[in-house]
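Going by TrEMBL, these are the annotated features:
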BINDING   Val8, Asn12, Ser249, Leu348  Na(+) 1 binding site
BINDING   Ser352  Na(+) 2 binding site
DISULFID  Cys110-Cys118  disulfide bond
TRANSMEM  25-46  transmembrane segment
TRANSMEM  76-98  transmembrane segment
TRANSMEM  161-184  transmembrane segment
TRANSMEM  196-219  transmembrane segment
TRANSMEM  239-260  transmembrane segment
TRANSMEM  280-301  transmembrane segment
TRANSMEM  336-361  transmembrane segment
TRANSMEM  373-393  transmembrane segment
TRANSMEM  405-427  transmembrane segment
TRANSMEM  447-467  transmembrane segment
TRANSMEM  487-505  transmembrane segment
Amino acid sequence: MSCIALSVGLGNVWRFPFTALENGGGAFLVPYLTVLFVVGKPIYYMEMLLGQFSSRGIVQVFDFAPLMRGVGYAQLLALGVLATYYASVMALTLRYFFDSFAAVLPWSYCRPEWGDGCVSAASDGHQPLVGQLSRNFSSSSQLYLQRIVLNETQSLAEHGIGYPSGSLALMLALSWLTVTLIIIRGVKSSGKASYVLALFPYVVMFILLVRSLTLPGAYDGVMYFLTPQWDKLLEPAVWYNAVTQVFFSLAVCFGVIIMYSSYNRFGHNVYRDANIVTTLDTFTSLLSGVIIFGILGNLAYESGTKDIGSVVRAGPGLAFISYPEAIAKFKMMPQIFSLLFFGMLFMLGVGSNVGMVSCIMTVLKDQFVNAKLWLIVVGLSLTGFIVGLIYITPGGQHIVTLLDFHGVTFVSLVSAIFELVAVGWIYGTKRLCQDAEYMLNIKTSKYYRICWSIVTPLVMTVILLYTLFTMRPLSYNGQEFPLPYRVVGWCISAFIIGQLFYWACHANYKQPKGSLKCRISNSVKPHSDWGPLDSKQLIDYQMFRRNQKDVAASGAGLKQRRWLCHSVGDRIFG
């Protein structure tokens, strides 16, 4: 349930439908499902195996190859960046949740000071929304977000980032307080909370599903989502977006899955769990896609257009522009649907953020064994709150965009490739399969072996190269970031990626004196105590490893004897 609450988050309900919309609707499903099977499932199962087998956190799990310990630290820092701005999205969600108690939804109508360029989100009639959301017109939901909630600045170069919003600071504090109270009771308490965090969103989604499918025009929207456009499959950007969607939706290569599975009992069937979570994550994405495209079909119907892709703006504020606009058009009880929707978004955010903060907390607890748990959690939450204030300033969305790329997306792609190389090539796919057989008594299929060794690292490398070759100066709302901000962004990327090289040098330095080749060779070997955490289990595992080596040696000797017999026989009998 914790893994479901982690993986099923804003990426499914918010990011997936509009990523699909921007990439041709049904055309996106084929690459998405393909990438799920060659990237998502193999990495998810691999990380569950590593965490449960070793009962170690995101950093200590790299005891299997100390040279690669920097991967854990790089993922930890990226996770810290992600957790801070994720909480700011939760703060926005809470703001809209409390706004939903108003007699009239505050984003459904235009204010006089907005002028003639505003079109009411709750307006009736067949009005061309394509024009309304063009350069000359803006919907009331968009202006409400930009001018009232965010008080967004148009240019960082002219106005800077500004000061935090008082109301959003309060919402941010409530968000961190919720996460703190869940974690502070320990992993068993957060495990119980995960039942609510994982199941409640599905109740809301099924309510919204029924409502969206009963709207006029919903059928056309759903068919646009489910009908493939085969010509789109030839566009590299569609495949790139599919990989990044699967990668971040499942939250692989961030260390959280390793952390959660490290609390499992040794021998728990993580093969089954990995299949359940990845399948449910995909189902949730498809479910939210049907809901959203049903609503978009209704918006197109009311707008008098058949172009589903033109009725909604894309961008970082989609969850707080397009969704509220659709809810404002509901004829019956829009407040109830708004409360359910934003309550669901907040639950999804809490479930994911609890996992992220718990992962960071586990690393700190391993480093400071005698420190009290509540002190670590409160310290993390206060730090997250203080850092998060920068995201709720007038220039906050600019900073979110900057750090999302430089502090999370780019560095995570790099660290993911190093993690796959560490497991598949340095530790070895063969040994990982032996560990899985020892722990689960399950032989690993060729599908996983090929993915871990070749396919998944290759796909991730291609995606990284595509990112580098197509990279343009980062921009927000069509405006490039000023040079000082871009420099800061690349410094953050360099610092996080630099962990890979620093800890590799540190591991090499700690080896006994000898040649460089000898030191490197020793630093890629697992620690002597690598294996199950329980001492008796570890001894049994080490005996299992020796037996495996003896069987391999005897098998090699048998092959040699067979070859010799065949060679002698050929010579005698010609």
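Just so you know, glycine gets a Cβ as well, placed from its N, Cα and C.
The structure, with features from TrEMBL marked on it.
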residue: Val8; record: Na(+) 1 binding site; Cβ within 10 Å: 28
residue: Asn12; record: Na(+) 1 binding site; Cβ within 10 Å: 26
residue: Cys110; record: disulfide bond; Cβ within 10 Å: 20
residue: Cys118; record: disulfide bond; Cβ within 10 Å: 21
residue: Ser249; record: Na(+) 1 binding site; Cβ within 10 Å: 25
residue: Leu348; record: Na(+) 1 binding site; Cβ within 10 Å: 26
residue: Ser352; record: Na(+) 2 binding site; Cβ within 10 Å: 26
*Please report how many Å separate the Cα atom of Ser249 (Na(+) 1 binding site) from that of Ser352 (Na(+) 2 binding site), as a whole number.*
10
*Do you know offhand how many angstrom separate Val8 (Na(+) 1 binding site) and Cys118 (disulfide bond) by C-alpha?*
35
*For the transmembrane segment (280-301), name the stretch out of 25-46, 196-219, 239-260, 447-467 with the most CB-CB pairs under 8 Å.*
196-219
*What Cα-Cα separation, expressed in whole Å, is found between Cys110 (disulfide bond) and Ser352 (Na(+) 2 binding site)?*
34
*Do any residues of this chain, six or more beyond the ends of the transmembrane segment (373-393), have a C-beta under 8 angstroms from a C-beta of it, and if so which?*
83-85, 87-88, 91, 150, 161-165, 168-169, 172-173, 176-177, 179-180, 183-184, 186, 357, 360-361, 364-365, 399-400
*Determine whether the transmembrane segment (405-427) and the transmembrane segment (336-361) share at least three Cβ pairs under 8 Å, counting only pairs 6 or more apart in sequence.*
no
*In whole Å, note down how far the CA of Cys118 (disulfide bond) lies from the CA of Leu348 (Na(+) 1 binding site).*
32
*Dominant neighbour of the transmembrane segment (447-467) in 25-46, 76-98, 336-361, by Cβ pairs under 8 Å*: 25-46
*Out of 76-98, 161-184, 239-260, 336-361, which stretch has the largest tally of CB pairs under 8 angstroms to the transmembrane segment (487-505)?*
76-98
*Determine whether the transmembrane segment (161-184) and the transmembrane segment (336-361) share at least three Cβ pairs under 8 Å, counting only pairs 6 or more apart in sequence.*
yes
*Folded-back contacts onto the transmembrane segment (76-98), same chain, C-beta under 8 angstroms, at least six residues removed*: 10, 58-59, 149, 167-168, 171-172, 174-176, 179, 254-256, 319-320, 324, 338-339, 342-343, 345-346, 349-350, 352-353, 356-357, 359-360, 363, 384-385, 387-388, 391-392, 396, 399-400, 403-404, 407-408, 411-412, 415, 492, 495-496, 499
*Beyond the flanks of the transmembrane segment (336-361) by at least 6 residues, Cβ under 8 Å*: 2, 4-6, 8-10, 12-14, 57-58, 76, 79-80, 82-83, 86-87, 89-90, 93-94, 96-97, 100-101, 105, 175, 178-179, 182-183, 187, 190, 193-194, 196-198, 200-201, 204-205, 207-208, 211, 251, 254-256, 259-260, 319, 323-324, 327, 330, 373, 376-377, 380-381, 384
